[in-house]
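S.K.: Dumping what TrEMBL says about this protein:
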type: COMPBIAS; residues: 1-15; note: compositional bias 'Polar residues'
type: REGION; residues: 1-23; note: region 'Disordered'
type: TRANSMEM; residues: 37-61; note: transmembrane segment
type: TRANSMEM; residues: 81-101; note: transmembrane segment
type: TRANSMEM; residues: 121-141; note: transmembrane segment
type: TRANSMEM; residues: 147-168; note: transmembrane segment
type: TRANSMEM; residues: 173-191; note: transmembrane segment
type: TRANSMEM; residues: 211-231; note: transmembrane segment
type: TRANSMEM; residues: 251-271; note: transmembrane segment
type: TRANSMEM; residues: 291-317; note: transmembrane segment
type: TRANSMEM; residues: 324-344; note: transmembrane segment
type: TRANSMEM; residues: 350-368; note: transmembrane segment
Amino acid sequence: MEMTEASKQTTTEESANPEPDQILSPRRSLELNQRKWWISVSLCIFLVLLGDSLVMLLLNFFYDQNNREDSDQDLQYQGTWLQALVQNAAFPLLIPLFFIFPSPKQNQETNNTRFLSFRLLLLYISLGVLVAAHSKLFALGKLYANYGVFTLISATQLIFTTIFTSIINRFKFTRWIILSIIITILIYVFGSPEFGGEPDENEEFYNIQAWLTFAASVAFALSLCLVQLGFEKVLVKTKRYGNKKVFRMVLEMQICVSFVATVVCLVGIFASGENKELQGDSHNFKKGEMYYVMSLIGLALSWQVWAVGLIGLVLYVSGVFGDVVHMCTSPLVALFVVLAFDFMDDEFSWPRIGTLIATPLALGSYFYTLHKRNKKKMVELYQTENNIEV
């Protein structure tokens with residue numbers, strides 16, 4: 001009995017006065033998680049920049065080789081479902097990565113698994129249809145009117161993202177985030193690259209194009225907010241993830257949504273008869289059919305790189321931050337396009353130089369908010385540890 005009481009007394013003293021290593025372990029764990037978080041965010045930003053650059057370079061190459069010099073209004077209708085399909089069709093390449101990335105321990109206490117599975121299925125179907133819609137609308141918008149008008153209208157997508165995320169995701173804005181959003185819109189308007197598929201003057205239809213691009217911007221912004229909602233309210237709560245955010249969730253979201261979007265685009269191609277024009281498009285390609293196929297494959301891969309990076313930013317930060325990063329890549333992409341092509345005597349003018357300089361300011365304003373939030377978590381943990389010591 002004496003040994004038992006002594007051991008109990010020792011245990012009570014240890015619990016009342018924990019060792020320094022035990023006190024510091026939560027702080028060290030938080031520091032490690034924040035480092036991993038910053039690395040993940042940096043990787044996603046790199047993927048968005050890489051994907052944006054490759055997509056715009058390959059799109060310009062594709063339309064430059066597509067013999068659009070002949071003024072024919074029917075030309076602007078060709079290939080839009082194909083371009084929408086290309087944005088989503090390469091998702092099978094992500095399936096091996098999905099199984100390579102580790103999955104957290106399953107949460108056996110999760111209830112209503114059937115209800116969560118139904119909500120998840122409904123989320124993937126609705127997002128897939130929405131992604132297919134904005135892919136088609138953006139493809140049409142680019143070919144209907146002057147790319148400057150298209151850029152000006154599509155810049156509203158960040159405004160819609162801001163509105164939707166405040167309503168749907170209950171996102172809290174700071175003055176630094178608002179400053180970042182304002183600067184980002186200006187960067188996108190004045191720093192976007194030229195587009196080789198721009199129609200001639202007699203092919204432009206501003207009345208239709210404006211509404212198409214406007215609808216595409218709304219659909220894109222809504223899809224970002226729904227992806228964030230799906231991560232926070234549905235996918236995280238499933239049994240296989242156990243209330244943990246991991247990169248495997250990004251791959252699952254992209255694979256499932258792209259599968260639905262691909263099916264919708266395939267139906268659109270055959271329903272519109274666009275499949276009959278594919279062989280003619282490949283014959284009209286200046287560098288031949290091999291380059292035609294290679295450019296489409298390169299575009300499909302580039303779109304997946306971009307989408308994985310964007311969805312990763314939505315998971316780790318927010319839909320607003322993902323859209324900010326996507327739009328802030330415009331000056332760098334414009335620089336790459338100017339170096340690689342020469343459309344309408346395009347050059348990297350002073351407004352674009354100004355937007356390139358302003359890009360670190362826009363991202364820095366948002367990063368400052370993220371830094372303050374992480375620092376606040378550390379302070380709260382430090383205060384909790386001090387209370388334990390007292």
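Glycine is treated like the rest: Cβ placed from N, Cα and C.
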S.K.: Counting Cβ pairs closer than 8 Å, which of 121-141, 251-271, 324-344 has the most of them with the transmembrane segment (173-191)?
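M.R.: Result: 324-344.
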S.K.: Looking only at residues six or more beyond either end of the transmembrane segment (81-101), which have a C-beta under 8 A from one in the stretch?
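M.R.: Same-chain contacts beyond the ends: 131-132, 135-136, 139, 246-248, 251-252, 254-255, 258-259, 261-262, 265-266, 268-269, 272, 274, 278, 281, 296-297, 299-301, 303-304, 307-308.
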S.K.: Given the cut-off of 8 Å on Cβ pairs that are 6 or more apart in sequence, determine whether the transmembrane segment (324-344) and the transmembrane segment (37-61) share at least 3 such pairs.
M.R.: yes
S.K.: Does the transmembrane segment (37-61) come close to the transmembrane segment (291-317), meaning at least 3 CB pairs under 8 Å for residues 6 or more apart?
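M.R.: Result for the transmembrane segment (291-317) with the transmembrane segment (37-61) is yes.
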S.K.: By a Cβ-Cβ criterion of under 8 Å, what residues six or more beyond either terminus of the transmembrane segment (121-141) are in contact with it?
M.R.: 79-81, 83-84, 87-88, 150, 153-154, 209, 212-213, 215-216, 219-220, 222-223, 226-227, 230, 234, 253, 256-265, 268
S.K.: Who are the chain neighbours of the transmembrane segment (37-61) in space, where the CB to CB distance is under 8 Å and they lie at least 6 residues beyond its ends?
M.R.: 193-197, 247, 295, 298-299, 301-310, 312-313, 316-317, 322, 325-326, 329-330, 332-333, 336-337, 340-341, 343, 374
